[in-house]
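Enquirer: Dropping a structure here in structure tokens format, bear with me for questions.
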């Protein structure tokens, strides 16, 4: 595959850049002959590059990107070291790995969350990327180093706009920042994040990032890092970090908030309009916080939540029971331990946010029912619905991405629900036109902006544009119309998103009901706790209020 590799996703929560003229198509800019392999069971992914790529990736090719101010910056990476990779024990392993991973995310089109490799062997995999990119390797990456990589990469991505504001402010002039090599910029972002947000010992941070810049690039790059980081340390010690000025008109104030809380300006303006400034700030603070994760016990395999709790206690992983769903447990730390223990690979549990679990509760699949998941991949909701059928009935999982459907099918075998799941490779709109079968319950978990999952998807905020919203709304309308034709008389249609934006949620349902008077709203109050029920009977999880991913669902019944 040359140049642009087209990948197909039905859920925008997992897509990086949408080509919204077709909902199934997501374009990533990879170097030639690159492949992305996703393992749903272990939540790990790796990107393998051919020998041809090793000569071009990050170091000899030119990168063109835009700064937060919108000015183009031409990046030319340094020449690849052609000698056999050697051990450099003086370089901090977590910083070398973090710098390379940030390069892969920003310039390789890779996913920040999927690159969060946990589990056995992932340290060796990461060091392999360092060798191929920088021409040397460091000492072995231990579990503690890997956790630091996760923290630094996620934090540097979340806080990128704010960090770049500080870096620009401390450069001699803006041209220095605009012309900065990609790897050098990543090293500075790491150093700034470690000093400003992680509050690591500043002079150790300066020394080690200078060493990395000198070794990976050249002595002059190390000198530049040294000068800029030392300025930062002095300003932080004196509590005089340069802050954006929140003066002027609404746009100027939004730009200042966007810099201070590190979000795109268009998102900030949208949230201030819908929520007010105070709530918008709270939402951005939530998005910048370290995410927690929920684990669902796989009851289809006879593994109960009590069994899961017992295993977590044996592994000494801190946890708490979900207050909303019987099969779920929430953890804030220790995911790596869970993965290394093999609980996911054994099919005993799955990682799934409670907000997604409650959408399944709203579907309320019953044994013997014929259910369809219209945009199924990666399959979390399909698998959960299948586990609730007790071996009776069927979940048809439709998606346009054949590869991800194949993974879903393999995961269904692992979770022992394959007998009630059938996969269909198709565009929903085409399937609906050709299909004559009607279903008891229809789930449309629609492609959306993903604005409710920015805490977990650190990179997503930078890959969304305001222009996407209008195109997404048109797509959601088309898919809703198609899904409605699959719903039998008296059947249930559930429309859900992982967005908090009313234009993708309530307004799409209102528009649908105007076009389809044969459907009516069926309140979700019987299926989820009252705290998640809106005045109009919809389901809504608020990230700030509920400490969950933001999501929405409407339960509609077909009367005629």
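Cβ atoms here come from the backbone N, Cα and C positions, even for glycine.
In TrEMBL, annotation is done automatically, which means it is predicted and not curated.
Feature table excerpt (TrEMBL):
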- 498: active site, nucleophile (ACT_SITE)
- 375, 376, 377, 378, 379, 380, 381, 399, 427, 445: S-adenosyl-L-methionine binding site (BINDING)
- 60-72: compositional bias 'Polar residues' (COMPBIAS)
- 283-559: domain 'SAM-dependent MTase RsmB/NOP-type' (DOMAIN)
- 60-80: region 'Disordered' (REGION)
Enquirer: Between the residue listed as 'active site, nucleophile' and residue 381 (S-adenosyl-L-methionine binding site), how far is it from one CA atom to the other, in Å?
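Expert: Answer for this pair: 13 Å between alpha carbons.
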Enquirer: If you average the pLDDT over the domain 'SAM-dependent MTase RsmB/NOP-type' (283-559), what number do you get?
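Expert: The predicted confidence over the domain 'SAM-dependent MTase RsmB/NOP-type' (283-559), as a mean pLDDT, is 96.
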Enquirer: Among all protein chains shown, how many Cβ atoms are found within 10 Å of the Cβ of residue 427 (S-adenosyl-L-methionine binding site), not counting that one?
Expert: 18
Enquirer: Taking the Cβ of residue 375 (S-adenosyl-L-methionine binding site) as the centre, how many other Cβ atoms fall within a 10 Å radius?
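Expert: There are 25 of them.
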Enquirer: Near residue 498 (active site, nucleophile), how many other Cβ atoms are within 10 Å of its Cβ?
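Expert: Other Cβ atoms within 10 Å of residue 498 (active site, nucleophile): 30.
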Enquirer: 10 Å Cβ neighbour count around residue 379 (S-adenosyl-L-methionine binding site)?
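Expert: Residue 379 (S-adenosyl-L-methionine binding site) is surrounded by 27 other Cβ atoms within 10 Å.
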Enquirer: Would you work out the biggest C-alpha to C-alpha distance among 375, 376, 377, 378, 379, 380, 381, 399, 427, 445, the residues that bind S-adenosyl-L-methionine according to the record, and give it in angstrom as a whole number?
Expert: 19
Enquirer: Quick one: among the binding-site residues 377, 381, which has the most Cβ atoms sitting within 10 Å of its own Cβ?
Expert: 377
